[in-house]
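Colleague: The structure follows.
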Amino acid sequence: MGKIKIGINGFGRIGRLVARVALQSEDVELVAVNDPFITTDYMTYMFKYDTVHGQWKHSDIKIKDSKTLLLGEKPVTVFGIRNPDEIPWAEAGAEYVVESTGVFTDKEKAAAHLKGGAKKVVISAPSKDAPMFVCGVNEDKYTSDIDIVSNASCTTNCLAPLAKVIHDNFGIIEGLMTTVHAITATQKTVDGPSSKDWRGGRAASFNIIPSSTGAAKAVGKVLPDLNGKLTGMSFRVPTVDVSVVDLTVRIEKAASYDAIKSAIKSASEGKLKGIIGYVEEDLVSTDFVGDSRSSIFDAKAGIALNDNFVKLVAWYDNEWGYSNRVIDLIRHMAKTQ
């Protein structure tokens, strides 16, 4: 199989990091980027310098002309087109398009990319109607006739593998999740208008902000056994990257906390290696910046009330881990064709 050729629509936090992952992958080739809101020289600057993930040092990045970037010696076509149905992906050779604008998240809107010659579209956000796949959980349900998929959210990618391991081994009766979540681009630097979410309009760098999240309910879509058994909420906190899930569950099969730890450790070394991590060191959030795993279980941070009621803690780099899964999902889709 030749290299998997991808295009990226929307060069924001996830778009740029997916580009970084692609450029460090031997089996994936980035051939095109579309963003109508930034010029090619600014795109170069934003790609090269990153406050959280550091300066790009893997290859030179240069501007060949207003419509072409050179990454090393490899040309990447740049478009600046607003309407997704007008982007000529086929011209650039892009077969898989990562839809990372955060705008075209339903099937109908994302399907516009197919008109320009894309074969498949991966939405880097939850979708109300596109099938959601979480690597390590339900990607085996993908079939080659599905053209538009969602990679779910970063939080669902952390929660679902952990929930799967617990449910497979001990059976989840019900559970509540809280994610303590780093700031994202939709928040405000200072208090500002946010008519749909009043709390969300408050200054991100100065507040702990309670917020809603569909991540726990979405687990029921990728693990139908857990449909209706999990829900959750979020606290947005003043850190720029790395979030942490607190999953509190009642389990059917009585188990000591040590037995639960052992099941997760075993999964992290076996089938879910690279998806689930396991740590026993006394780590804090910045220790996970740049960690490509979806869900890193913190054995020391969790606690059991009794053999049927337990709180589990898992870290995730909500930017880098998620961006790696976008590429992993594309790899899986390409293999399935």
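Numbers run from 1 along the shown chain.
Backbone N, Cα and C define each Cβ position, glycine as well.
Copying in the features that Swiss-Prot gives for the protein in this structure:
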- CYS154: active site, nucleophile (ACT_SITE)
- ARG13, ILE14, ASP35, ARG82, ASN318: NAD(+) binding site (BINDING)
- SER153, CYS154, THR155, THR184, THR213, GLY214, ARG236: D-glyceraldehyde 3-phosphate binding site (BINDING)
- HIS181: site 'Activates thiol group during catalysis' (SITE)
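I'm curious about the neighbourhood of these features; can you describe it?
Modeller: For CYS154 (active site, nucleophile), applying a Cβ distance below 8 Å and a minimum sequence separation of six or more within one chain yields SER243, TYR316, ASN318, GLU319, GLY321, TYR322. DSSP gives CYS154 (active site, nucleophile) a helix state.
Under DSSP, ARG82 (NAD(+) binding site) is assigned to coil, being neither helix nor strand in the three-state scheme. The C-beta environment of ARG82 (NAD(+) binding site), restricted to residues of the same chain at least 6 apart in sequence and closer than 8 Å, consists of PRO36.
A 10 Å cutoff on Cβ-Cβ distances gives THR213 (D-glyceraldehyde 3-phosphate binding site) a total of 22 other Cβ atoms nearby, all chains included. Under DSSP, THR213 (D-glyceraldehyde 3-phosphate binding site) is assigned to coil, being neither helix nor strand in the three-state scheme.
A 10 Å cutoff on Cβ-Cβ distances gives HIS181 (site 'Activates thiol group during catalysis') a total of 23 other Cβ atoms nearby, all chains included.
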Colleague: What's the longest C-alpha separation between any two of ARG13, ILE14, ASP35, ARG82, ASN318, the listed NAD(+)-binding residues, in angstrom?
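Modeller: It comes out at 27 Å between the most distant Cα atoms.
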Colleague: Assuming the binding residues for D-glyceraldehyde 3-phosphate are exactly those in the record, SER153, CYS154, THR155, THR184, THR213, GLY214, ARG236, what is the maximum CA-CA distance in angstrom, rounded?
Modeller: 16
Colleague: Taking the Cβ of THR155 (D-glyceraldehyde 3-phosphate binding site) as reference, which residues of that chain separated by at least 6 in sequence fall under 8 Å from it?
Modeller: THR179, HIS181, THR213, ALA215, SER234, SER243, VAL245, TYR316, ASN318
Colleague: In which DSSP state, out of helix, strand and coil, do we find ILE14 (NAD(+) binding site)?
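Modeller: Looking at the DSSP assignment, ILE14 (NAD(+) binding site) belongs to a helix.
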